[in-house]
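What TrEMBL records for this protein:
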SIGNAL    1-16  signal peptide
REGION    31-61  region 'Disordered'
COMPBIAS  50-60  compositional bias 'Acidic residues'
DOMAIN    102-274  domain 'Yip1'
TRANSMEM  121-142  transmembrane segment
TRANSMEM  162-186  transmembrane segment
TRANSMEM  198-223  transmembrane segment
TRANSMEM  229-251  transmembrane segment
TRANSMEM  258-282  transmembrane segment
């Protein structure tokens with residue numbers, strides 16, 4: 001039986017060799033190596049420059065992330081395990097995301113590079129909390145140094161600045177991402193190429209983009225308006241560029257006017273936050289102190305005019 005099997009295989013190989021000799025251009029298939037699947041097998045041809053957009057938006061990675069996320073078992077929202085996933089980051093990840101928000105790389109998407117694999121709320125929450133106390137404390141110190149040396153000035157800490165700063169910062173860090181997320185979802189139903197980030201990803205981007213204002217608020221203690229405005233413009237350019245490079249690729253395929261208006265609104269709201277904090281907490285108007293009353297020797301009183 002073995003001999004017959006060997007003879008049969010030899011006959012098959014001889015027939016194959018004869019066929020190849022007769023037709024050298026014939027296509028052969030190897031069973032050891034799988035056939036290579038062409039890349040970019042989408043329903044349409046890849047347009048020029050489309051690969052760059054896909055790379056910026058991270059559509060390929062997002063599909064893989066969504067597939068892997070679907071395999072994970074999500075806990076019910078009323079359990080502690082559900083919210084624990086939003087804070088599942090280590091120190092190196094947080095520091096890397098902070099570094100990416102302070103030193104943005106042109107042409108790189110912040111969500112794709114740092115956020116999409118594991119969005120978190122730990123960094124945005126503590127960045128906002130640190131910024132609240134930094135602005136409140138620095139604003140009180142700035143007011144103290146401005147009126148230092150005036151005999152009629154009595155320093156009183158303004159604790160209400162903490163609550164005002166907390167309301168402003170956290171409202172901006174949550175309500176603006178919520179509005180932007182809803183807008184992207186709405187435009188996604190009208191324009192096929194619009195990519196909608198998740199609400200958690202948008203909150204991450206906004207939270208980490210506010211980190212640059214922490215050292216800026218400390219330097220705002222310097223009682224020089226020129227220095228303060230240079231610092232606020234520098235910080236606005238850094239943090240605003242992170243937002244623009246993140247959200248512009250997502251809306252660039254929309255109507256041109258709508259895309260520009262969306263990005264312009266994002267930058268305008270970001271600028272209003274920075275300028276508003278500087279104007280309210282640091283550029284306080286001069287206080288109108290009451291004129292001191294100096295008693296005279298003849299029993300009358302003399303009112304001096306305060307400068």
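Just so you know, glycine gets a Cβ as well, placed from its N, Cα and C.
Not measured: the values here are computed from a predicted model.
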Inset, instruction - Report, as numbers and ranges, which residues of the same chain sit near the transmembrane segment (258-282): CB under 8 Å and 6 or more residues beyond its ends. - result: 135-136, 138-139, 142, 161, 164-165, 168-169, 172, 176, 180, 183, 187, 209, 213, 217, 220, 228-229, 232, 235-236, 239-240, 243-244, 247-248, 251-252
Inset, instruction - Quickly jot the same-chain residues contacting the transmembrane segment (229-251) by Cβ under 8 Å, restricted to those at least six beyond its ends, or write none. - result: 53, 56-57, 100-102, 104, 106-111, 180, 184, 187, 194-197, 205-206, 208-210, 212-213, 216, 219-220, 258-259, 262-263, 266-267, 270-271, 274-275, 278
Legend entry - Spatial neighbours of the transmembrane segment (198-223) far in sequence, C-beta under 8 Å, 6+ residues away: 86, 97-98, 100-102, 110-111, 114-116, 119-121, 123-125, 127-128, 130-131, 134-135, 138, 141-142, 145-146, 169, 172-174, 176-178, 180-181, 231-232, 234-235, 238-239, 242-243, 246, 270, 274, 277-278, 282
Legend entry - the domain 'Yip1' (102-274) [mean pLDDT, rounded to integer]: 89
